[in-house]
Amino acid sequence: MAAVASELLTGWCLFALALLAILIFCWVYVRKYQSRRESEVISTITAIFALAIALISSALLPVDIFLVSYMKNQNGTFKDWADANVSRQIEDTVLYGYYTLYSIILFCVFLWIPFVYFYYEEKEEDGSTCLQVKTALRYTLGFLTICVVLLLIGAFVPLDIPNKKNSTEWEKVKLLFEEFGSSHGLTALSFSISSLTVIGMLAAITYTAYGMSALPLNLIKGTTSAAYERLENTEDIEEVEHHILRIKSKCRDGRPLSSRDRRAVQQLEERLRTLRRRDRHLEFIEKSWWAKFCEALRPLKIVGGVFFIIVALLFTVSLFLSNLDKALHSAGFDSGFIILGTNLTNPLNMLLPVLQTVFPLDYILITTIVMYFIFTSMAGIRNMGIWFFWIRLYKIRRGKTRPQALLFLCMILLLIVLHTSYMIYSLAPQYVMYGSQKYLVQSNQTVDGQLRNVTLVSKDCDADAPEDQCIVTRTYLFLHKFWFFSAVYYFGNWAFITIFLIGLIVSCCKGKKSVIEGEVDEDSDMSDDELSVYYR
C-alpha cells in the first residue's frame, strides 16, 4: 500500500506543480495588461484569483482521468489494492475537489467580481467609501439573486432522460447519474456550473473561434514597418496642418469663423494631436532595440504561426468528426446527443489515450490545449474588444487596461476555461470518460462447430462494458448530468466550427496590422513618459 500511496501521490504532486505554474502565469498575465496609471490592488488580486481558479479546475481533469486509469492494469484487470472502498475514496476525493473549486467559481462570478466591478465603477475622487460599498452591494444583489434561482432550479429540475425505443445506452447513463449521487446540493451545483458553461460556450464562439484564426495569421503576416508608417503619418500631419491653416485663413480680415468652421477646426486639432502621439510612438519603436530584436525573430514567428494554424485545423477537424459521430450514432436531441464510445475516431481521441499510458504526457498535452484556448481567446478579445451587443464597452490593450475592463476580461476567460473541459470531451470523448482503462472479454475459438478454446482478451472501455468493470470519471458525470445542456453544447460546437471558418476567411483577407495597433486612438491619452515603461 505504501508503494500505491507513493504512486498516487505522484499525480497530486504534478497537480501541485501545475497549481504553482498557474499562479505565476496568472500574475504575469494580469500585470501585463493592467493599466500602469489606474491599477487597483483589489481588482488586480481579484482578476488573478478568478483566472487561477478556472485554470485549476481544468488542471484537475487529467488528475481525474489518471486516477481512474491507474486503478487498472494494462491487461484490463483491477490492481490488487483497487477494491470497492479504495476506488470510492479516490473518486470522492476528486469529487470534493470539484465541489470546492466550482463553489469558489460561483462565489467569484455571482458575488466577488460583480462587487469589485461596481465598487470601482462608482468610485469618485471625493466620494464616500461607505456609499460606494452600499451601491456596489445593491447591484451585486441582482447577481446573487440569479445564483440563488439557478441553485433552486438545479435542485429540483427532473433528470429523467426521455424514453427512446433504442435507448439501452441511455439507461446506462441514467444509472451513472444515480450513482453520481442524489444529493440536491450536488445537482444544484452541477446545474449552476452548466449554466455558466453555456455562457462560456457563447464567449468561446465569439472570441476563441475567431482568435484561433486571427492569432496564427497575424504571426505569419507580421506588422507594417515602423519607418514606413511614420512616413505616412508625417504626410497625414502635414495634410491636417494645411487644412487647419486653410480654414483659419478665412478670418484674416478680422471676421470670426462660423460655428461650422470652428467645429471643423476643433475636430482637425484633435486629429492632429492623435497623429502627433502616433508619431512619437512610432519614433520610439523605430529606435527601440526591442523592436529590432523582435524583427530578428520574424522567422520564428512565421514558424509559430504555421504551427498554430495546423493545431487550429487539427482541433476543428477533431471537433467536426466528434460532432458528426453524435449526429449519426446518438439517439438525437432528446438524449442530449450523448454517445458512449466512439464510432468515428479523430486524431486527438486516438492520441490522448496513448499518451495517458506514459504519465504525464497527456497532462502536458491538455495543459497545452487549455493554454492554447487562453491565448487564442485573448487574441480574439484584443482584436474585437469587449462588446455588449453593438456597443463597445472596453478595449484590451497591453499596459493600459482599466480595472473594470480587467475584471471583465478575466470573467470572460474564466467562463471560456470553464467551457474548455467540455471542449476537451468533444475532442476526445473516450479519453475523458475512461482514460486508458480496459476490461476483459471472453474470446471463444471453435473448430468444426465445437468450442475448443476460451481466452480472455482486453478491450478498451466503452458503452458495452459491464458496469463494475469500467469507472467513469467524475468530470464526465459533472458535464452531462443534464441532457438538455449537452444538446446546447452540441449545437454550440457546430456554431464554433462555423465562426472559425468565417474568421479564417476574414483574417486571410485583412492586411498587415499596424505596429502600434490599438495603442494610440482618439481615446488614448498615454503620456510620452510612459513609453519606455510600456515598450520595455
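Note that Cβ sites are derived from N, Cα and C of the backbone, with glycine treated the same way.
These come from TrEMBL:
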- 12-30: transmembrane segment (TRANSMEM)
- 42-63: transmembrane segment (TRANSMEM)
- 96-120: transmembrane segment (TRANSMEM)
- 141-159: transmembrane segment (TRANSMEM)
- 186-210: transmembrane segment (TRANSMEM)
- 302-321: transmembrane segment (TRANSMEM)
- 363-393: transmembrane segment (TRANSMEM)
- 405-425: transmembrane segment (TRANSMEM)
- 482-506: transmembrane segment (TRANSMEM)
Message = If I count Cβ-Cβ pairs under 8 A between the transmembrane segment (42-63) and each of 141-159, 186-210, 363-393, 482-506, which range comes out on top?
response = 363-393
Ask   = Where else in the chain does the transmembrane segment (363-393) make close Cβ contacts, counting only residues six or more beyond its ends and a cut-off under 8 Å?
value = 14, 18, 55, 58-59, 61-62, 66, 203-204, 206-212, 214-215, 218, 308, 311-312, 315, 351-352, 355, 405, 408-409, 412-413, 416-417, 420, 423-424, 427, 518
Query = Of the listed stretches 12-30, 186-210, 302-321, 482-506, which one has the most C-beta pairs under 8 A with the transmembrane segment (405-425)?
reply = 186-210
Query = By Cβ distance under 8 Å, which residues at least 6 away from the ends of the transmembrane segment (186-210) in the same chain are close to it?
reply = 99, 102-103, 105-106, 109, 147, 150-155, 157, 159, 180, 373, 376-377, 380-381, 383-384, 412, 414-423, 478-479, 481-482, 485, 488-489, 492, 495-497, 499-500, 503, 506-507
Ask   = What else in the chain is close to the transmembrane segment (302-321), if you only count residues 6 or more beyond its ends and a Cβ gap under 8 Å?
value = 212-213, 215-220, 222, 344-349, 369, 372, 376, 423, 426-428, 493, 496-497, 500-501
Remark   = Outside the transmembrane segment (482-506), at least 6 residues beyond either end, the same-chain residues with a Cβ under 8 Å of its Cβ set are 157, 159, 161-162, 190-191, 194-195, 197-198, 201-202, 204-206, 208-214, 217, 312, 316, 319-320, 322-323, 326, 333-338, 422, 426
